[in-house]
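One structure is given here, and the rest of the page talks about it.
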Amino acid sequence: MALLIDLILSFIVTAAFGVLQQLPARTLLPAGILGVVGRLIYLGVNAQGQSPVMGSFLGAVAIAVLAEALARWQKMPVIVYVVASFIPLVPGLTIYESMRVLLQGEYTRGIALATQAGLIAVAIAAGLAIVSSVARFYKSRAARGRR
């Protein structure tokens, strides 16, 4: 039941962020679903005992791959899907917790949490960068083949 609530809230947060960013209405449902997929992968990887960094990376890769496919299918820029879909992966609570702990004087734990949040952010960016680079490579290769 907790998993279902988590996934529903991931969808709502993703769609709400899409509305806030004024994304086209026809992209809100697919972006929400991508947010849920990324969160589900993140939770699944964490349940297997892997680090949140690995879960965030694999969730980001899945979102980026599906966003590339959706962008081709709906003839929209990839960024339209990516902007909102990554929100469930952002380590906001970890950043908040690190600041709270630092202010309470627990410097070692605060720095560890801040480092983890930074690594998660890098993992999300790396997942997107890898997928978009591979997609760009294949798009340019396909364009050369048509000439």
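Any Cβ shown, glycine's included, is placed from N, Cα and C.
Heads up, TrEMBL stuff is auto-annotated, nobody curated it.
Secondary structure by DSSP for the domain 'Threonine/Serine exporter ThrE' (6-134): 112 helix, 0 strand, 17 coil. If you look up TrEMBL, you'll see 6-134 marked as domain 'Threonine/Serine exporter ThrE'.
Within its own chain, the transmembrane segment (53-71) is flanked in space by residues 30, 34-35, 37-39, 41-46, 77-78, 80-82, 85-86, 89, 91, 116, 119-120, 123-128, 130-132, 135, which lie at least six positions past its ends and keep a Cβ under 8 Å from the stretch. Sequence annotations record features per position, and here TrEMBL assigns transmembrane segment to 53-71 (among others).
Look at TrEMBL and you will find 78-96 (among others) tagged as transmembrane segment. With a cut-off of 8 Å between Cβ atoms, the residues of this chain six or more beyond the transmembrane segment (78-96) that come close are 10, 13-15, 17-18, 21, 23-24, 27-28, 30-32, 34-36, 38-39, 42, 52, 56, 59-60, 63-64, 66-68, 70-71, 113-114, 116-117, 120-121, 124, 128, 132, 135.
According to TrEMBL, the transmembrane segment annotation covers 116-138 (among others).
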Field: Contact set, same chain, for the transmembrane segment (116-138): CB under 8 Å, 6 or more residues outside the stretch
entry: 52-54, 56-61, 63-65, 68, 78, 82, 86, 89-91, 94-95, 98
